[in-house]
Structure formats: structure tokens, C-alpha cells
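Novice: Input: one structure, supplied below.
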There are 2 protein chains.
Amino acid sequence: MMNRKKFIQTAAALSAGSLLAGCRAEESTQGKAPAIITNKKYKWFMVTTWPPNFPVMGTSCQLFARKVYEMSGGQLDIKVYGAGELIPALEVFDAVSSGTAQIGHGAAYYWTGKVPATQFFTTVPFGLNASEQTAWINHGGGIELWRKIYDRYHLRPFLSGNTALQMGGWFNKEINSMADFKSLKMRIPGLASRILKAVGATPVLVAGGEIYTNLERGVIDATEWVGPYHDQLMGFQDIAKYYYTPGWHEPGSTMELIVHSKAFDELPTHLQQIIEVCAGYCNDWAMSEMLHKNATALDELKNNANIEIRTFSPEILDTLKKVTDETLQALADADEEIKEVYTSYQNYKQMIHQYTNVSEKLYYTRM
Amino acid sequence: MMNRKKFIQTAAALSAGSLLAGCRAEESTQGKAPAIITNKKYKWFMVTTWPPNFPVMGTSCQLFARKVYEMSGGQLDIKVYGAGELIPALEVFDAVSSGTAQIGHGAAYYWTGKVPATQFFTTVPFGLNASEQTAWINHGGGIELWRKIYDRYHLRPFLSGNTALQMGGWFNKEINSMADFKSLKMRIPGLASRILKAVGATPVLVAGGEIYTNLERGVIDATEWVGPYHDQLMGFQDIAKYYYTPGWHEPGSTMELIVHSKAFDELPTHLQQIIEVCAGYCNDWAMSEMLHKNATALDELKNNANIEIRTFSPEILDTLKKVTDETLQALADADEEIKEVYTSYQNYKQMIHQYTNVSEKLYYTRM
């Protein structure tokens, strides 16, 4: 950690035209001998949880594979498969864990049935937003916990994409108070379904391809999906009246890249680095693509006379948050590993919100 | 653009266990012949505007060079120089433009004296925040304009880092109303100094290494710098009473990586891709590092009994914003190139704020 005096001395160099007398040129960290590149070629299979060509999440995998191929001069050739093309979406974790596929892409919270703590490596209701999540993962202890947990499944995880804050869903009933959740039939998976059940709603599991017709026919009253871009592609604006926000249940959902440990460890260093750096590149690219496409889609949806964009009231969000806190605490109390991850996550959230409250949030509210 | 029916069909694959009958495996975009890798080694010099080892901005350049070296197996060896080690900070643009150095790193708004439109490629007062800026650059037309303008200076630009929202500065006078700006002597560079001058303040240019003593002695009443992390290193908390927020003048300052066109074009494809991908990786890494370090620093500063963290009033921010809008419009009216960039930027801001108002901003305010 640099002391203040030295920092000011070095900061002096920022002033126009000053030379930093006596300062030696930055010693190249590249002084060591170059990595040995073999001529061995690697042909890998990437299995993913996304349908083929699924915009952003799926196409970011294609981008990843293309960039890796180009950066490695063709040495690492990854063929990307969408869900169902080789294996079903929900078998991706096991396929990469066993080494059947060398690499995979999806979301960690798909695997909470087998590894409950993975929830936090994607998102939790009322949790960190996308940039806070990236900070926790990269610098706040998140990646160390993630690697430790995944290591016993022979997986190396990398964060690689984010949905940004999701929307709260499409409803054919108004949600003005907690009473409106009673008996609400809503398609909403995962941890959020527990929260809704606790407040008297009826969460329903519906396959992606059946949501539209179920909502249209009134089999369900509501559904969540992703954000304006993906929602618009599903056509929910044609059959639902109210588009609620915010997506309290998924405030910044991280995508994961997983690599079979042995396959990763056997790569020469330069290919390991290519994978790691490309994952970070895709994390940034997919997030900005999501923001852009969502903004463009909402620009159209806002003019749609058939729908109303509504916000959940503070009362509703306060109640859902309270139930979330109780639910997460109960999960942590029952499982040591969840407790460990939850503690890191909650402490980080508290610290980073201290800061974002007087910076990013403040700027948003004063703009 | 995928039509709805096809999208739903592909979305059906997201449901557990379903196979997508008849769907062919994703054709590898990697079917083309591998890039030819020569054995030619490249030894480059990177000149930067940052003091040697300057945390985050400077150290991200070292990270960039190290990752490039590792990914290329040592083929592209970049030696990083801080400001003043080879050339002064403000000669970086010309050095890379002329090809004296192959690559550089800094901030585009340092060059507004020679290329006025560059302001927008870093930040403007009351402008886009970090993630909105990345979306505009990557997807909203920003990078195309940036490349077009820089091309005539033989430069290829890449966004590569962000300061996140800066703080509003350190003050030894309270700023309760616009009257408190009258005759305020504040160290604040660039476009923001024009705004402050217009509201009656006296912006003062002070070299980085002299800010502390000038503030201590009352030569200036106030200064801005970066955010909690860098500000704390400068020690302003020892000599200033009020720490104001938000940094209305720099809401999401983008760092730039610039490469001499000829040097870039002469690289084999795989090294060009390594540079591009690594720039994106560093963009993500530096932003999350900045958030993390700022949060950690503020966690300490908040306990400092000698300072008060204050927020600028809505009245003050509204006035500064109004003056900003007038100033930017005047600049655009006087220069075709500024007008072109400004128009793209403002249109994008309007569109993306429509979206963030009902998503990220809403979530912050309801949390």
C-alpha cells in the first residue's frame, strides 16, 4: 500500500510537462521466459443451458468461442452447443464436471438442487446489482468461494455475462398491495418462488415454450422472464396488461463459464490465460449488449397502448425484502456452506451500498 | 432479428429435459482456416498519462501488458511506462499518433485541445454513468465515431477502464446554495471548469503534486480528484472539512487504450484480437477494482470525525445541469464534429435513461 508522501510525489507527474526525475523505467513483468507453445491443437465441446442462438446469453458463447479461436490462432477450437443439441440444459453441470464436455456455460443457480450455495454466484432477491456483483466476485472474496466449492466437482468457474436488472414480470391482475399476491398464479422459478409462496401466491413451474399460451389462456395470471428485450421477443406485450418493475428477484444475474479442471490444467499457460481473459471480455460485452438491447426494446414497448408499465409499491417491496431476508437467513442457518457464502455476500453488500448510496444511487436520483 | 414463433420454439429448449428435435448442431464459426502465426516477436512501448504504479489506472496497464504477454506466449511484449518516464503525460497522444510509441493509455478528454469532440469518449458533466457509457461506446454508435475521428491521427482506440462515478470534491467552505460558488477557488480541470466559471466560481489549475499544500494553505478553497480510494491516498481528509457528492462533473470516466494504426494493422490477426479482447477484460476489471477500492476506502473515511460527507442540493445540481446543457449546446453549435458526437450521445442518453429510470435507478431507490 503506497504511503501518502510517495503517492503525492508520483501524482506530481500528472501535471503537464513534468518529468519524474530519477524514476527508473517500469521493470517489465514480462522479463520471464515466454510460455512454451506446443503445436498441439485442442478441439473442445461447449455445452450450454441456452437454446441455440439465444440472443445475448447464447450468442455470447459463440462470441467467446470465436474470440478464443482467433486469439489462439486456431489452436483452441471450441464448438458451441445450445441446450438440447447434445444434452439437455440441466445436464450441463454434470457433463462438464465429469469431463464429458470440457467447457460449459449457464447460470450457477440452476444447480442449487445439488450445490445450494451456488445461488449467490448468480443472484438473490434484493441482492447485489450487476456491477456490485462483479466487484464482489472479482475482489470481495466471491471468486475464491466459488472456486473452492466448484473444485470438488472438478470445475473451474469464471463469471461471464450478466442479465442486468431484470423486470418484475407480466401480469393480468393489478398488484397494488400484498393482498393481490394471494392466490396469484405466477410462473417464477427458483428462490423467488419460495418468497412468493410465503406471501400467499401460487408459484407455478412452466416450461419456457409454454409460458405464452398458459398466460394467454389464463392458466397463469403472471410470469417473469428476463428484461424488455427478451420479453418482447416472447410477445408477452400481446397478452398481458401490466409490465411490473423492478425485478426485485433478479437484480443482476451473473452468467457462468465452467471448465473441467483437468482439461483446464492440461492446457498450456497461454490458452488458460486466453480463456480467463475472454471470459472477462464477454462479461463486459454481454452486460453492455443487454443494457443496449433492453433500452431499445423498452423504447418500443413504452409506445404500446395495450400495456402499462407499473412499479411495485414501496410497501410491497419492503414486505418481499423482509421475507427474503428471513428465507436467506433460514437457509444459511441450516447449511454451513450457504452460511459461509451468505456471510461474505451480505457483508459485502452492506459495505458497497454505503458507497453506492452516496455515489451511483445519488447520481441517479439527482439527475 | 428472430421472429417470435421461432424464439418461442428455441426457448422451449430451456425447459428441463426437452430435446430440440431436428435442430442441427450449431455450425462452428471456427470452420475457417486458422490464422497464420508467424514466429516474429514484437517488442512494444506503452506510454501512459498515469504516474508509475498509479493504482487502478496505471496498474491496469501493467495487467494489460502481462495478460497480453501470457496470451501470446511472449510474442507481443509490451513495456509499460508511466508519465514522465519516457515522455510527459500530455505528449502521449502525439507519441502514439506519430508511431514513436506503438501503444498508449490515458483518457480521451486530455486531448480536447486538439480534438474537441474527444470529451464525450471519456465523460461530460451530467452525462452517462459507467455502464451506460460502455453501452453507448460498444453498441450505440460511440466506437464508430471514436474510430472515425481517431483514424486521421493514425490511432485505433479501445475503451479500457472506468473511474466509476467520481466524488464532488473536498471543500473548506460549505456549499449550501449557488451563492456559495461565488468566488470559490476550486481546483477543477476541463469542461467542468467552464461550468463553474459560468456560475461565478474561480476554477484554478493546480498540478497534482501541489493540490494538497494549496488546499492546506487556503490558496484554494476546494478541489476535486477522483473517488474515495484515490482521494484518501492524497490525504485530503486531513485538511478539508467537507467531502461533497455526487461527482456531477465526471459520472463515469472512461479510460482509453490507443494503438498506432500502422503498428496495429501490421500485427497478425491473433495478436490484434488479443489486444482487443484484453482491452475489454481490463475495462471490466478496472471498473470492478475501482468500485471495490472506493467502497473499502469510504468504509474508513465515514468513521473520520474530522470530515463530513455532504450532498449537493437538488437546486445546485439543477443549476449546474442547466449551465452544462447550455455549454454543451454552444460547443456543438460551433463545431460540426462535436455536434455529430454530441447528438449521438444525447440521443443515447435519453433512450437509455428511459430504461434505467424503470430498472437500475428504481431498484436503487426502492432498496
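From the backbone N, Cα and C atoms, a Cβ is placed for every residue, glycine too.
Sharing the feature lines straight out of TrEMBL:
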- A:1-21: signal peptide (SIGNAL)
- A:GLN166, A:ARG187, A:GLU224, A:GLU250: substrate binding site (BINDING)
- A:TRP225: Na(+) binding site (BINDING)
Novice: Can you grab the distance from A:TRP225 (Na(+) binding site) over to A:GLN166 (substrate binding site)? Cα atoms, rounded to a whole Å.
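Specialist: Here the two Cα atoms lie 8 Å apart.
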Novice: Once the chains shown are all counted, how many other Cβ atoms turn up within 10 Å of the Cβ of A:TRP225 (Na(+) binding site)?
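Specialist: Step by step: centre on the Cβ of A:TRP225 (Na(+) binding site), count other Cβ atoms within 10 Å, giving 21.
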Novice: What is the number of other Cβ atoms found within 10 Å of the Cβ of A:GLN166 (substrate binding site)?
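Specialist: A:GLN166 (substrate binding site): 27 neighbouring Cβ atoms within 10 Å.
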Novice: Other Cβ atoms within 10 Å is the metric here; tell me which of the binding-site residues A:GLU224, A:GLU250 scores highest.
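Specialist: Output for this query is A:GLU250.
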Novice: Same chain only, sequence gap of 6 or more: which residues have a CB within under 8 Å of the CB of A:ARG187 (substrate binding site)?
Specialist: A:PRO203, A:VAL204, A:LEU205, A:VAL206, A:ILE211, A:ASN214, A:LEU215, A:ILE220, A:ALA222, A:THR223, A:GLU224
Novice: Can you list the residues of the same chain, besides A:GLN166, A:ARG187, A:GLU224, A:GLU250, whose Cβ falls within 8 Å of the substrate site's Cβ centroid?
Specialist: A:MET167, A:GLY168, A:GLY169, A:ILE188, A:PRO189, A:ALA192, A:THR223, A:TRP225, A:VAL226, A:GLY247, A:HIS249
